[in-house]
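A.B. asks: Would you mind keeping the following structure in view while I ask a few things?
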Ligand code: GLN
């Protein structure tokens, strides 16, 4: 079995350890003897996204988002075709914002989004920046999963039709808004850095399974020893609960 990953804008979109997500995917596949190939795609590089099982884009500050926008828009049809062909997409923060209608930053600059989904993001200086640790209760294909992470964004994302989960601690899509992220079965967008996957092994395996499903159908992943990962998860949960 083999998993082909495309890490897009690896050199530009990489905030708060987002690259750790790639390391976790690699380790959890290797520990199970699943071959994993991680390819990168920078601005101007020619790649056919539909060739991959998983597309990953990390977070980036406003400046980075502005730099790569033209390149991303030129790939819109390729991205839509890849999603239709069941490539799974994982997007963090700035990457997540890009798949919506637009992003208006603090200086009122408007960056058009890919417009694949209806949500839109504006920076609103009358509300605070969403920053700090975050815990959510997510539903992943019917299964309730507790996810912990770290968020740091000025953008307030509204009009999300399928939120990833409900906020337990922190902010999520909007300052004190109650809901976090986006998930529609094929694309998962979230404000959760941390990075996301090391402290949430259940989410890491969910993403591996969804990505493998493209070419291998339903796969039963072997159990791994997650003592350390679960402990890291628990420590964060306890800290947020003030325990
Ligand atoms: N620049 C965006 C914002 O502040 C995204 C930041 C990020 O990816 N952490 O909303």
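Cβ coordinates are placed from backbone N, Cα and C, and glycine is handled just like the others.
Straight from TrEMBL, here's the annotation block:
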{"type": "DOMAIN", "residues": "5-200", "note": "domain 'CobB/CobQ-like glutamine amidotransferase'"}
{"type": "ACT_SITE", "residues": "93", "note": "active site, nucleophile"}
{"type": "BINDING", "residues": "129", "note": "substrate binding site"}
{"type": "ACT_SITE", "residues": "193", "note": "active site"}
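Can you tell me where each of these features sits in the structure?
C.D. replies: Within the model, the domain 'CobB/CobQ-like glutamine amidotransferase' (5-200) shows a mean pLDDT value of 96, rounded to a whole number.
Within the same chain, residues at least 6 positions away in sequence whose Cβ sits under 8 Å from that of residue 93 (active site, nucleophile) are 15, 58, 59, 60, 151, 152, 153, 190, 191, 193.
Taking Cβ-Cβ distances under 8 Å and a sequence gap of 6 or more within the same chain, the neighbours of residue 129 (substrate binding site) are 152, 153, 154, 175.
Under the three-state DSSP scheme, residue 193 (active site) falls in the strand class.
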A.B. asks: What is the number of other Cβ atoms found within 10 Å of the Cβ of residue 193 (active site)?
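C.D. replies: The answer is 22.
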